[in-house]
Amino acid sequence: MKTTTYSLLALAAASKLASAHTTVQAVWINGEDQGLGNTDDGYIRSPPSNSPVTDVTSTDMTCNVNGDQAASKTLSVKAGDVVTFEWHHSDRSDSDDIIASSHKGPVQVYMAPTAKGSNGNNWVKIAEDGYHKSSDEWATDILIANKGKHNITVPDVPAGNYLFRPEIIALHEGNREGGAQFYMECVQFKVTSDGSNELPSGVSIPGVYTATDPGILFDIYNSFDSYPIPGPDVWDGSSSGSSSSGSSSAAVSSAAAAATTSAVAATTPATQAAVEVSSSAAAATTEAAAPVVSSAAPVQQATSAVTSQAQAAPTTFATSSKKSSKTACKNKTKSNSQVAAATSSVVAPAATSSVVPVVSASASASAGGVAKQYERCGGINHTGPTTCESGSVCKKWNPYYYQCVASQ
C-alpha cells in the first residue's frame, strides 16, 4: 500500500461525494429478481434518503431512518436459498455508479428475528468482507465491480420471520472520530423451512460499535498492511453460543469480481445436499449476476451451477471459523479466486456467505439545470445545477457536498 496513492484518493474523495450515497433497492432469490423492494408496497424498510448514518449510538443504526416501520411485504425463503442484495445510488439503470470508488470499506450482513431485531437486539453476523492485501482491494471495490450485488446463503434456522441487514462502512473520512459512514437497510424475510440451528443471542445495534473501534476510526490514506473488520465473529451456522466481538476473517473471491458471466456454484447448509440454483425457482439464465455462494454451515461439497449472461457475477464472502485476527484475507484469496471458474465448487467453512456493495446511479444533472432527488446541488468546486426538482430541497452535508433530499 503506497501512502501517495491514498493521498491522491483523499483529494479525489471530496470531488466524488456526489456518488457517495447508496441504499439497498432490490433482492434476488436463487437468481430470480424479486423486483424493487424500496417502494411503498415493497419488502425493504427503506429510509427517506440515501444518506449515511454517522452516529454509532443512534437508533438509526438498527435499520436506518424509519427502520422501525415494517415494510408492506415479506419475502419467503428456505434454508440453502441464495439471497442477493442489490445496492444503488439512485436507480437500477446501467449508468448507476453504486458507490463512489473513494468510499473504501467493509461490507457485512447481519440477521435477527424480526421482533427482536426491530428493537435493536439479537443481531448475528452471517457474512463479512474487508481488505485484501494481495490484490489491494476493499470489499466496496469488489461490490462496485459486481454491479452492486453480493450474496448470502440462508442458514438452517427455525421457521419464522427474520430481518436481514446488509451494511457498508465507508472509511473515506474514517481518519477522524465520527467520520465513518454507515449504510444499511433491513429486508424482511419469512423462513419457511424449519431448521434446528437457533441463532445465537447476538449483539445489540446500536451498541456493537463505538466511534473509536480500530476498524471504524481507521485512516485509509496512510500505509497499512491489514484491516480489523468491526463487530462480532461471523456465526458458524450451527453453534448456539453468544455472538460476541472477537477476531475473525472472511475470504472473498476477487476473481468473481471480474465482469465475467461464467457459471458459478452454490453450496447449501448441512441439512441439504445442494441448492439447485438452476431449477425453476432460480431461472437458469438471468438478466443479472448469478451469485457465488458459500453455505451457512459445512456441507458435503454438493454444488449446483448457474449460468449468467449479462452482469458480473456477485461476489460471495466465504466465511470461516476464526482464530486469527480479522485482517487481510490473503490466506484464502488464491483458493477463492478459483470460485469464479465456470461450474466450480465452493465449500463453505462453517459460516454464511454474503455480500457486495450497491450500484449507485451517476450524479449527472437532469435536463433544464435542475438536479434530481439524491443528486448533487452545491458545494466547493460544484459546477452543476443548484436547484432541486419539485419535492426536494438542497441540503448541505459538508462544505464539499450539497444534496437534493426529500422535502420534510
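Here the Cβ of each residue, glycine as well, is placed from N, Cα and C on the backbone.
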- Given Swiss-Prot lists HIS21, HIS103 for Cu(2+), the same-site residue among TYR183, TYR209, TYR221: TYR183
- Tally of residues which DSSP labels helix, strand or coil - the domain 'CBM1' (369-405): 0 helix, 19 strand, 18 coil
- Note on the structure: For CYS63 (disulfide bond), the spatially nearest of the binding-site residues HIS21, HIS103, HIS172, TYR183, using Cα atoms, is TYR183
- Item | Surrounding CB atoms that lie within 10 Å of the CB of HIS21 (Cu(2+) binding site), all protein chains | 26
- Query: Can you tell which of the recorded positions ASN151, HIS172, CYS186 lies nearest to HIS21 (Cu(2+) binding site) in space, using Cα positions?
  - Reply: HIS172
- Item | DSSP three-state assignment (helix, strand or coil) for ASN151 (N-linked glycosylation site) | strand
